[in-house]
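These notes concern the structure reproduced below.
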Amino acid sequence: MAPRLQLEKAAWRWAETVRPEEVSQEHIETAYRIWLEPCIRGVCRRNCRGNPNCLVGIGEHIWLGEIDENSFHSIDDPNCERRKKNSFVGLTNLGATCYVNTFLQVWFLNLELRQALYLCPSTCSDYTKGDGIHGGKDYEPQTICEHLQYLFALLQNSNRRYIDPSGFVKALGLDTGQQQDAQEFSKLFMSLLEDTLSKQKNPDVRNVVQQQFCGEYAYVTVCNQCGRESKLVSKFYELELNIQGHKQLTDCISEFLKEERLEGDNRYFCENCQSKQNATRKIRLLSLPCTLNLQLMRFVFDRQTGHKKKLNAYIGFSESLDMEPYVEHKGGSFVYELSAVLIHRGVSAYSGHYIAHVKDPQSGEWYKFNDEDIEKMEGKKLQLGIEEDLEPSKSQTRKPKCGKGTHCSRNAYMLVYRLQAQEKNHTMVQVPAFLQELVDRDNSKFEEWCVEMAEMRKQSVDKGKAKHEEVKELYQRLPAGAEPYEFVSLEWLQKWLDESTPTKPIDNNACLCSHDKLHPDKISIMKRISEYAANIFYSRYGGGPRLTVKALCKDCVVERCRVLRLKNQLNEDYKAVNNLLKSTMKGDGFWVGKSSLRSWRQLALEQLDEQDGEAEQSNGKINGSTFNKDESKEEKKEEEEELNFNEDILCPHGELSISENERRLVSQEAWSKLQQYFPKAPEFPSYRECCSQCKILEREGEENEALHKMIANEQKTSLPNLFQDKNRPCLSNWPEDTDALYIVSHFFLDEWRKFVRKPARSAPVSSIGNAALLCPHGGLMFTFPSLTKEDSKLCQPLERREGGWPTAAHNNIALIWPSEWQMIQKLFVVDKVIKITRIEVGDVNPSQTQYISEPSLCPDCREGLLCQQQRDLREYTQATIYVHKVVDNKKVMKDSAPELNVSSSETEEDKEEAKPDGEKDPDFNQSNGSTKRQKTSQQGYVAYQKQVIRRSTRHRKVRGEKALLVSANQTLKELKIQIMHAFSVAPFDQNLSIDGKILNDDCATLGTLGVIPESVILLKADEPIADYAAMDDVMQVCMPEEGFKGTGLLGH
């Protein structure tokens, strides 16, 4: 099919030869493209918008073939949420609770612990016996033991693929959005559980934590002098093994039990010798628990950075661990089998993900527990190889080779071993009846949900099949051919064929013209379909209005024909007018604006389009929608403000403008052609005189300009020094022969000088408004010390407050000589006279001077103004401050911030060989200054820092300085984050100071720290001394670690 523009031209080509009154039905059907050939499927690739008979590519392709039933719904198979046979149940990750989930799975697969918890008395039994379970109430565990009971029962017999542990997490008071130290959680929870179970009467329940996890070791100290041995016996629930510098688990255990020498200042006080003696100390394992927890200390405190870091070194461990060599008492079996490996994915101590590899004690098969997902390992061997490749480490340490029965990991942080004798002696743990009843109820809810989801899927499939049959039937009957037809919106047809959206009633209102018929311009978004198909659509979906053959609008077609013919005539007239303008004009002509002549064709086209639009709006509707008359008036008003044809030569009085450069004469013939398109345009024959009022105003303007020049010259001659800003008085160097000075507003001076420089462009200044310098009581608002400057034009209306910060930013007064004041009173009207008189006090020291003002100072108003300005400096938003980064400039930091100590490891040679500022830091590559200038900047910056106090309204940036937008209520920590983005310096590497004061309270606001707009803050960055893998977690690093403070683990 031809392109859309070609179809548009073809539909209206007949209008070139047919007059509006001769338009027939055939012309109307041609304009509406009734008889265009329909497109064929497979030939036409996409829908032809210019052809109402093209029904290809409207979304039918998805319905005309075989359709998979699953495409009729968006509901997942509920059986995907069902627990797989012979598998375990997962736990939902509530945000950052993966570390909790891993320990819950490890403890669940400890059958002895599970059995003991099932034996605990519970309020659940009362709930099942009463009306709780039958009354439809949800069971809410009351204690930690009850939460574990219910969780373990669900993990054992639930039909769900995963369960929600939010009740257990909420009972502990854990923050689900904050990742915590998994090893600390394990210790605290075991302590809490032991304390809770210690109150039980059943010894199997009361002592289960000690029996399963508790061992004993002794700190043994031997005096080298007398050989006396002292023991301190302690219980342990896990062994914390240092992995730094080791490659095998056995090496870590050996170091844990290694003998330590106590010598020198660390000597041991021997009670037998009654003095300090050299001694040895070591740990002896006295007894080992059934379940041996080995904590690998992967997360350690880094003294250099002041934060935790993760050790990503590989540690080798075996599936079988013989602890007999490490135990003092050799009786019994001490061979352990590996039962769980807890993994931390990630290179940082502040982020990552926790998973667990746990062995089923009954089948001996290994499973990977990853929150909701449970994966069974192939065979009966532990597989960590894939796990170790998930997180690439920055260190390129190669993974060591592992022998049979051994494994290596750089992410394992806890190993759980079970005593081999107990590992093989397992019986099935039964869920108590009262807990099983709760599990059955939860399973019943799950089954009901599965049935409900399956029914919803079935309903969606049935609806989809019915829609499929409807589309296959109706699409074949859509083409109208020579049969009776109707028009339907293309958008509605596409939505009817779109399975993802419900079909709404047909709405053709957007396609109507002002005559409530089908608009010819809207044919591109309509489709012509058979009357048979239209009847079915309207009977099933409703809507309207129905657009039959009677909806073809003859009035719109006739009007469009008229406009098209006028446009064709306009092209011919445009060429004729251009030719007439080039030829020599004979006889009288007409004045036409040059701007109108350049754009008359465009104006005529716009006028024709406006007429076409007004025809559409004639019945109060636009495209079927009600037309707002108020909006129409506003649009017309805006259009009227634009100049119409030949209005560019009208003067303000509606007559011919006196500016001859903006118009030209055209011939009578050219004007006649132009007047056909603009009959209401202003007409000015060549003999018409220009506007008489404008001529008078022009003469008066010339006279006023001459008068202004004369006044300006007179005032300049009378006040030459004031105009040129020379020989100005100042209070600090008061002339001996002058007793009084006067004050005027600096605003008056600016306006007066502007007039004197350009009297033709500015109005004369006739008065001086000094009242603006006074308070409402008529008193002065500034003190005399603030006027004692090097130059009176730099005077500020307020003095500095204590601390050196200026309290005013604008200079608004000037001092006047008495002789100048006499002349000013003659030339201008002065509303308020402000006079300062000097009086010398004392006969011995005449240099002591007092100043008396008329009017006098108003202390109350001045104090109020000072307080207001102080408040404004402390309460600002989106103000600009400047941060200056100091690099290799130790002297500057010492001078401006003595509290900052430079690293003591720097030698004198390093100081001498320090490169210029710009050679090491990219933030300094902002200036092309010479090396000589860089060398002098060290001394100059101290002076610059002092000059910051005398800040002007315009700050001049220097090298290594960046502007930041801040607010007074913003904390220092938030400012450090901004500085980090601007300078790529981590907050913990930033040393900030302002006027020699160190900024170190991260929680304080900038307002309380004395940071005001236009302040300059010095930034000294610490040199990087380690690989900051935790740079991505800098926001979390900067926050103080609170651990499990405020949770149930610490008895909140």
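Each Cβ is built from the backbone N, Cα and C atoms, and glycine gets one as well.
Annotation source Swiss-Prot lists domain 'USP' at 89-420.
Marked as active site, nucleophile by Swiss-Prot: C98. According to DSSP, C98 (active site, nucleophile) is assigned to a helical segment.
Same-chain residues at least 6 positions away in sequence with a Cβ under 8 Å from that of H353 (active site, proton acceptor) are, in sequence order, C98, H344, R345, G346. The active site, proton acceptor annotation in Swiss-Prot covers H353.
Residues or ranges marked as domain 'DUSP 1' by Swiss-Prot: 459-553.
As annotated by Swiss-Prot, domain 'DUSP 2' applies to 568-691.
What Swiss-Prot lists as region 'Disordered' is 609-639 (among others).
Over the domain 'DUSP 3' (710-841), the average per-residue pLDDT in this prediction is 76. Taken from Swiss-Prot, the feature domain 'DUSP 3' applies to 710-841.
As annotated by Swiss-Prot, region 'Disordered' applies to 896-940 (among others).
Swiss-Prot lists S903 (among others) with the feature phosphoserine.
What Swiss-Prot lists as phosphoserine is S904 (among others), and the listing cites similarity to another entry.
Feature annotation from Swiss-Prot assigns phosphoserine to S905 (among others); the stated evidence is similarity to another entry.
According to Swiss-Prot, the compositional bias 'Basic and acidic residues' annotation covers 912-923.
Residues annotated as domain 'Ubiquitin-like' in Swiss-Prot, with sequence analysis given as evidence: 946-1026.
The Cβ neighbour count for K973 (N6-acetyllysine), using a 10 Å radius and every protein chain shown, is 15. The N6-acetyllysine annotation in Swiss-Prot covers K973 and is backed by similarity to another entry.
DSSP gives K973 (N6-acetyllysine) a helix state. A strand conformation is recorded for H353 (active site, proton acceptor) in the three-state DSSP classification.
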